Structures are given as C-alpha cells and as structure tokens.
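> Below is the structure I would like to discuss, written out as structure tokens.
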There are 2 protein chains.
Amino acid sequence: MEVAVRLAVQCGEAMLEAIAAVDSQSGLNLKDGKHGIDPQTATDLANERLVIDTLKLIFPTHAVIGEESCAAAGGKVPMVDPSVPTWIVDPIDGTQNFCTSLPLSVVSIGLCLNGVPALGVIYDPFRDELFVGVAAEGAYLNGVRMRADAKRTALDKAMVLTDVGYERSPKGARRLAACHEALLLANTFGVRIVGSTVLALAWVAAGRASAFYVGLHKKDVPKAWDWCAAKAIGDASGVVFLRAENDIPFDLTSPSVCAAGSEALAKTLRRTLCQATVVLKD
Amino acid sequence: MEVAVRLAVQCGEAMLEAIAAVDSQSGLNLKDGKHGIDPQTATDLANERLVIDTLKLIFPTHAVIGEESCAAAGGKVPMVDPSVPTWIVDPIDGTQNFCTSLPLSVVSIGLCLNGVPALGVIYDPFRDELFVGVAAEGAYLNGVRMRADAKRTALDKAMVLTDVGYERSPKGARRLAACHEALLLANTFGVRIVGSTVLALAWVAAGRASAFYVGLHKKDVPKAWDWCAAKAIGDASGVVFLRAENDIPFDLTSPSVCAAGSEALAKTLRRTLCQATVVLKD
C-alpha cells in the first residue's frame, strides 16, 4: 500500500505539472492524428513507465499490467497466472479530460491476489484526494473511513453517474441516449457524466454519488485497469457491483457495470437500463 | 471586487464545513419533501443571507438579487432600474451536487452596471479556485490571466459540457436525449454533464472545456443568477454567448445558452442541437 500510494501521488503531481506547463491555447502533447478521440499523452506514458519500473524493481516476482503498454500491444489484457500477485495500473484515467485540463482525472493502481482485487489506490491530484481500499478491511478517503451511500435506494433520490467512453456509432449513440432519457423519465435525482470511470467509482465508494453505470455498447467498455483499484475500494466500502447487461457476477473481465451503494438501487438501475435498450431495433 | 471575493470565499468555506459535518449516510439538511429534486439547503440560505446583508451594508444604494430569496418569492427575477448597480448572487450553484457531497458546486457573485454584467466572481471551494472577471479588462483564475479555448472550433476536437437541470417531463427528456445522441453521432470529442451551470461556464472561460449548452426545455432553464458572474468572466476571457434556440442576442433574461471559446463552435453546436430537436414531434 505504501508503495502504491507513493507512486499514485507522484503520478498525480506529474499530471498537475503537465497541465500547469501547457499553454491552454495549444493543448497537451497529444498523439492526435493517431488516436482521434481516444488520446494518449506523454504524461500517460511517463507515468506508466514510472509505476511499472518501480513495481517490478520492488516486487520482482509480481506481474504488472498497464493500460498504455497494453494499448500498444493491441488493447488486450494479457492472461496472467492468478497465483502470481498482479498489479493493474491506469496511470491516467480520464485522459480526455486531462487533455483539455478539465480537472476530472485520476491515477489508479490496484493489486490482484488470486485473481481478486485486494488493494486499490486512486489519487485525484486536482483535489489532493487519496482513496485507498483493502478488501475485507476498509476503505479510506485521505485517511478517514468512507462508506458507500446505502440509503438512497430509489432513483428519485439517487445521484447517478455515467460515462460515454469512445462510443460514437449510430447504434451505440442511440443506446446511450435511450438510457439517458429513461433515467430522466424515472425522475432520477441527478444524472452526471464525469468522463473518468475510476473517479466515478471512487465517488460512489465515498458515498458522494449513489450509483454509476457504463458499458452499454462496444466502445464505452472499460477494461481491467479501469476496474481493479475501484473494485477493491468499492468492496471495502459497501459498493454492490453488477454487470449492466446480465446476471453473470461482476469480475475484472466484465464489459460493463451497474455499481451502487445498495443492491436495491443497483438492480433498479439495471432494470431501467435494460428496459430502455431492449426496445431498440438493431 | 475585494468585497465579492471575500464573500465568495467565506461562502465556499461554509460549504466545505457543512459537507465535513455531515454524516455521509444521512445527507445534508434538505427541505426534501418541499422541493423534491430541486433542493435547498440550510447552507444555501445562510450563505445568501451573509452575502445580501454584507452587500447592502457596504453598498446601501445598490440593489441585490439572490436566488434563494427569489425562489421564496415564486422564482421570478425582480425588475430593477438598470441605472442602479445590481448584485446578482447564487450562494450555491450545483445544489444537487452539494447535497450529495459531489465536489462540483460553486459560489457565484456578479455585479451589473447599466443592466450589463461588469464584474464576476466564482469560487470553487473544492479546488480552491477563484475565477474573477472584469468586463473589457480581463479574466483571472487564482490571479493568473485565463482565456477561453479559441482553437477547438470543430465538434470532433471539442469538450462539450451540458446540464439537465430539473427537466424530467417526457417531452423534455426526449429533447435532452436527442441532443445527447446528436453530439455523439457528430463524433464530439467529449460530452460531460457537470450539474452546475456556473462551474461549467467558468471552465469554458478558463479554456478547460470548449463549449457549454443548457436550456433546451422548460425546467433546465437558468436564471439571471446563473448567468451574471459567468457572463462577466466569459466576456473578459473570450467566450461567445449565443442563445441555444434562436438568434436573439444573449442577455440575462435568456432561457438558454450555447457558449463556446469561438463563434464557429458556438454556431456549430447550436445548429447540431436545433437539428436534433426540430425533428421531434410535439
């Protein structure tokens, strides 16, 4: 935990430095042409290099999986023997926000033991907020115990977060918009799009939002590096994780999530989303 | 400016204290039954009282208009003789976020001279960020000159923010969802829902987002206290303000906005929204 916290804060400081250095008129050092709306910055790469190299040095027997190195290898999460302790790292989650200096992005470092997220560290440099969770032990925000919101179990009391990812296809846009409309029609207290799956899940774990969903179509689908730290923290603070599309238990291979502070809200949210999308013609 | 900055920071500190004091399990002191999804907190009322009383004491000849006192009087913005300097105040913008401790709400204090926003002060207590603008002089974020994003003039490069307000009617939900879908189909770089019109406009003024729109239907319609400070700051940092629904020049009575760092983007955004909503049957 100590190593992960130190690395997360170091990466967060690098994010702030990069943003302070940038001329707001010119934008960050994007590989624009190559990635279009799915950008990758020099800070992403430098942060991931720092985290991977340090973890491998300190824990030579552990495996380390990072978003950017996997993106370079085609975007697939490599298979790792579950008996090997495995760090799963997203050096900047919410890279689109980071690119425009929108202060909604975080560093995420998780550790899997026996294939299950056991430790999660998420650092939000813009608010100097550190979310730490140890499964079956507890979750903490800047050292203070935190708990998910178990009370707002109905949509008309619930602050619901979501993301749109990189999904821009006609069918995907229709599905995302149908869910947006269904939640407004259900008189949902609040609907917000944060642009960082990890930050949204950290806020649900801290009880600042009631629920979060994502993964309704092909390109708003998070990967293991979006889930690992947030799942360990959420498990320790009372978050219920369901898949958005079916009853298969949520795990790091899940393409979607309906996460909430209560099972009742997670199920109501999932039912609302499923009803909204099932009526759409393919 | 000195008085407004001091008051804004004082109000922001009261917001942080209220959130620190609250048990995340119980929620803030909402007048829940009375206001449903449009809440009002004790901190709203106390902040507004502080600001109005102080401004009236220091500037006895000025008029002061506050959101909460107007809400108590039926929600209408009172008519004031434009020759009287008029402070327009929203003690907490993003009250829904504030209620759930989601760190996306701000204090907004604006001053109109001859009916035109001349000074704007917006304080974000969660990031300790102070946005100040003096029309025709300049806009500053924590003392550093800031400018809107004039470069990202096309949607596929633009980070677009919006809000859903309290609009939950079938027709309103359909209009909001249709715009959401249209922006995704237009391959917009990013689409975010912040939940605070004032914070969103401050971020556009600071070049952290390219554009913001709101006011597509009856209950997502901001009032003068949402516009005043942000308009003064935006005017000073290069934001272009259009109404979302027609060509009438934007002013404090406008029910909607398409604001962007460039006229080209504001117009493209407005055209996209109008096309998306015009095809809907009433």
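Heads up, the Cβ atoms here are built off N, Cα and C, so glycines get one too.
TrEMBL feature annotations, pasted as is:
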type	residues	note
BINDING	B:Glu67, B:Ile92, B:Asp226	Mg(2+) 1 binding site
BINDING	B:Asp90, B:Asp93	Mg(2+) 2 binding site
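So that I understand the layout, could you describe where these features sit and how close they are to other parts?
DSSP assigns B:Ile92 (Mg(2+) 1 binding site) to a strand segment in the three-state reduction. Annotation for B:Ile92 (Mg(2+) 1 binding site): spatial neighbours B:Cys11, B:Met15, B:Thr41, B:Thr43, B:Asp44, B:Asn47, B:Phe98, B:Ser105, B:Val106, B:Val107, criterion Cβ-Cβ under 8 Å with sequence separation of six or more.
Its own atom aside, the Cβ of B:Asp90 (Mg(2+) 2 binding site) has 35 Cβ atoms within 10 angstroms in the protein chains shown.
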> Excluding B:Glu67, B:Ile92, B:Asp226 themselves, which residues in that chain have a Cβ inside 8 Å of the centre of the Cβ atoms defining the Mg(2+) 1 site?
B:Asp44, B:Glu68, B:Val89, B:Asp90, B:Pro91, B:Asp93, B:Thr95, B:Ser108, B:Val198, B:Trp225
> Between B:Glu67 (Mg(2+) 1 binding site) and B:Asp93 (Mg(2+) 2 binding site), what is the CA-CA distance rounded to a whole number of Å?
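Roughly 9 Å, rounded to the nearest whole number.
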> In terms of DSSP three-state secondary structure, what is the assignment for B:Glu67 (Mg(2+) 1 binding site)?
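Its secondary structure by DSSP: helix.
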> Tell me the Cβ contacts of B:Asp93 (Mg(2+) 2 binding site) under 8 Å, same chain only and six or more apart in sequence, or just say none.
B:Ser105, B:Val106, B:Val107, B:Ser108, B:Ser196, B:Thr197, B:Val198, B:Leu199, B:Trp225, B:Asp226
> In the structure shown, with every protein chain counted, which of the binding-site residues B:Glu67, B:Asp226 has the densest set of Cβ atoms within 10 angstroms of its Cβ?
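That would be B:Asp226, with the highest Cβ count within 10 Å.
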